[in-house]
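Read the structure below first, then the notes.
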Amino acid sequence: MALQNEKNSRYLLRDWKPENPAFWENKGKHIARRNLWISVSCLLLAFCVWMLFSAVTVNLNKIGFNFTTDQLFLLTALPSVSGALLRVPYSFMVPIFGGRRWTVFSTAILIIPCVWLGIAVQNPNTPFGIFIVIALLCGFAGANFASSMGNISFFFPKAKQGSALGINGGLGNLGVSVMQLVAPLVIFVPVFAFLGVNGVPQADGSVMSLANAAWIWVPLLAIATIAAWSGMNDIASSRASIADQLPVLQRLHLWLLSLLYLATFGSFIGFSAGFAMLAKTQFPDVNILRLAFFGPFIGAIARSVGGAISDKFGGVRVTLINFIFMAIFSALLFLTLPGTGSGNFIAFYAVFMGLFLTAGLGSGSTFQMIAVIFRQITIYRVKMKGGSDEQAHKEAVTETAAALGFISAIGAVGGFFIPQAFGMSLNMTGSPVGAMKVFLIFYIVCVLLTWLVYGRRKFSQK
């Protein structure tokens, strides 16, 4: 049901003016913060579901399955494929259905892949094709990011959007590390024994109940759905059809900024999905699941910081410096990998933590760039055509939200390509070096792109 059918709802905000200082201080900021924190909770759980397979795949063969390394890397990558594709339509949904309604729907449906995965892992005869379908369904969780970020952008004034988007995206991204921290612990606890879940004995005498890794999120998703229904709002002025939002695809800056976001958020989500499997192949004697959560945790916290410092120092400056460090860490990684020797796990882990840190910081700074740049170019374009300030502001809000959602879809593609690149490189050469060379070159290209287009001079308002 579209927003126009919600005219009499107490959840519909008919007069929303966050740029008005008096309105913001007296009323707006309290409503915006409530919507932000509920959004953070829903998005955090969505990221938990999106990255489920990054923790599940490393344990599948321990409970009776016999999948190849390529198959396991594929399962970790597939949620990012569907998540990236679904982010495109998801980015247009909030102005059509409303942020509250869409958050309720998009959170509730995540219960389906969680329940199904918990059932599937209990039968070692479950076909690989079933896991492919479940992995693709987990991608719906990744799509939530596009609608969530677009929705929150409507609630905050431009001066606070970097911080607000950083908090929403950063703490939402924290779901990756929460899942990778909780899953390895909960699978050894008989949480759902009352449902007849029988664990599989392990060589060390423990009993693994892998279904717990999926089912533990079901009650939390139900609670978050109820919270979104009862505590969030829809904004009447944010209403726009798909036709109103599609012109954003014609903007050159949409595609340039998509590349930058692919390098930052794409790296964060790709490394989150593939790091545990990569570390397991390079350092098989290390129990990586006890350490894997820390990288996504650093990246998620860094995203919030990246948005905040970009509001203060400028997103372009922060992004440029960040890409330089991403390139440096990528180059250092070559020195830590096993070659003729056994490699150095401590150095490998430390350098990867640096990559997670910079990927997180860059995710926050590039999103701040997107919000600022699209607001500027839209206002400039509307006024050049003789439009009023009110019209310019309205179109700027709509185009910025659409751009944030669409660019987030491009960024999510990294969650597929990075694990697949690692898997392909390992399959062809027995080493991930080939994949890392590609990443290093890409980061260098992004340094040049950021500097030449946005850093040296005032960019073209097109």
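Even glycines carry a Cβ here, placed using N, Cα and C.
If you look up Swiss-Prot, you'll see 1-35 (among others) marked as topological domain 'Cytoplasmic'.
Feature annotation from Swiss-Prot assigns transmembrane segment to 36-56 (among others). With a threshold of 8 Å between CB atoms, the same-chain residues lying at least 6 positions outside the transmembrane segment (36-56) that come near it are 75-76, 78-80, 83, 99, 103, 106-107, 110, 113-114, 117, 121, 135, 138-139, 141-142, 144-145, 148, 151-152, 155-156, 164, 167-169, 171-176, 178-180, 182-184, 210, 213-214, 217, 220-221, 224-225, 227-228, 231-232, 269, 272-277, 289, 292, 296.
Residues annotated as topological domain 'Periplasmic' in Swiss-Prot: 57-76 (among others). With DSSP classes pooled into helix, strand and coil, the tally for the topological domain 'Periplasmic' (57-76) is 15 helix, 0 strand, 5 coil.
Among the features that Swiss-Prot reports, transmembrane segment is placed at 77-97 (among others), with the record citing sequence analysis.
According to Swiss-Prot, the feature topological domain 'Cytoplasmic' maps to 98-101 (among others).
If you look up Swiss-Prot, you'll see 102-122 (among others) marked as transmembrane segment, on the strength of sequence analysis. Residues 38-39, 42, 45-46, 49, 52, 56, 60, 63, 90, 93-94, 130-131, 134, 137-138, 140-141, 143-144, 147-148, 151, 192, 197-198, 210-215, 217-218, 221-222, 224-225, 228-229, 232 of the same chain lie 6+ residues outside the transmembrane segment (102-122) yet bring a C-beta within less than 8 angstroms of a C-beta in it.
What Swiss-Prot lists as transmembrane segment is 126-146 (among others), and the listing cites sequence analysis. Residues 42-43, 46-50, 52-53, 65, 67, 71, 74-75, 78-91, 103, 106-107, 109-110, 112-113, 116-117, 120, 169, 172, 269, 404-406, 408-409, 412, 415 of the same chain lie 6+ residues outside the transmembrane segment (126-146) yet bring a C-beta within less than 8 angstroms of a C-beta in it.
Within the chain, the topological domain 'Cytoplasmic' (147-180) has long-range Cβ neighbours (under 8 A, six or more residues past its boundaries) at 16, 18-19, 24, 28, 31-32, 35-36, 39-40, 42-52, 54-55, 90-91, 93-95, 99, 102-103, 106, 235, 237-238, 268-269, 272, 276, 289, 292-297, 299-308, 310-311, 315, 360, 363-364, 367-368, 371-372, 375, 397, 400-402, 404-405, 408. Marked as topological domain 'Cytoplasmic' by Swiss-Prot on the basis of sequence analysis: 147-180 (among others).
Within the chain, the transmembrane segment (181-201) has long-range Cβ neighbours (under 8 A, six or more residues past its boundaries) at 48, 52, 55-56, 59, 62-64, 118, 122, 207-213, 215-216, 289-290, 293, 297. What Swiss-Prot records for 181-201 (among others) is transmembrane segment, and it gives sequence analysis as the kind of evidence.
Residues of the same chain lying 6 or more positions beyond the ends of the topological domain 'Periplasmic' (202-206) and with a Cβ under 8 Å from any Cβ of it are 62, 188. Among the features that Swiss-Prot reports, topological domain 'Periplasmic' is placed at 202-206 (among others).
The transmembrane segment annotation in Swiss-Prot covers 207-227 (among others) and is backed by sequence analysis.
Among the features that Swiss-Prot reports, topological domain 'Cytoplasmic' is placed at 228-258 (among others), with the record citing sequence analysis.
Sequence-distant contacts of the transmembrane segment (259-279) (same chain, at least 6 residues past either end, Cβ-Cβ under 8 Å): 51, 53-55, 57-58, 69, 72-73, 76-77, 79-80, 142, 173, 176, 180, 286, 288-289, 292, 295-296, 299, 303, 319, 322-323, 326, 345, 348-349, 352, 355-356, 359-363, 365-367, 369-370, 407-408, 410-419, 422, 432, 439, 442-443, 445-446, 449-450. The transmembrane segment annotation in Swiss-Prot covers 259-279 (among others) and rests on sequence analysis.
Look at Swiss-Prot and you will find 280-287 (among others) tagged as topological domain 'Periplasmic', backed by sequence analysis. If one looks beyond the topological domain 'Periplasmic' (280-287) by at least 6 residues along the same chain, the residues whose Cβ comes under 8 Å of a Cβ in the stretch are 58, 69, 337-338, 343, 345, 348, 426, 432.
Positions annotated as transmembrane segment by Swiss-Prot, on the basis of sequence analysis: 288-308 (among others). Long-range contacts of the transmembrane segment (288-308) within the same chain: residues 51, 54-55, 58, 162-167, 169-181, 183-184, 268, 271-272, 275-276, 279-280, 318, 322, 349, 352-353, 355-365, 367-368, each at least 6 residues beyond the stretch ends and with a Cβ under 8 Å from a Cβ of the stretch.
Computed over the topological domain 'Cytoplasmic' (309-317), the whole-number mean pLDDT of the model equals 88. Positions annotated as topological domain 'Cytoplasmic' by Swiss-Prot: 309-317 (among others).
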The transmembrane segment (318-338) versus listed stretches 77-97, 207-227, 345-365, 402-422, 433-453: most Cβ pairs under 8 Å: 345-365
Helix-strand-coil residue split for the topological domain 'Cytoplasmic' (309-317), DSSP-based: 8 helix, 0 strand, 1 coil
Residues of the topological domain 'Periplasmic' (202-206) by DSSP state, where helix covers H, G and I: 0 helix, 0 strand, 5 coil
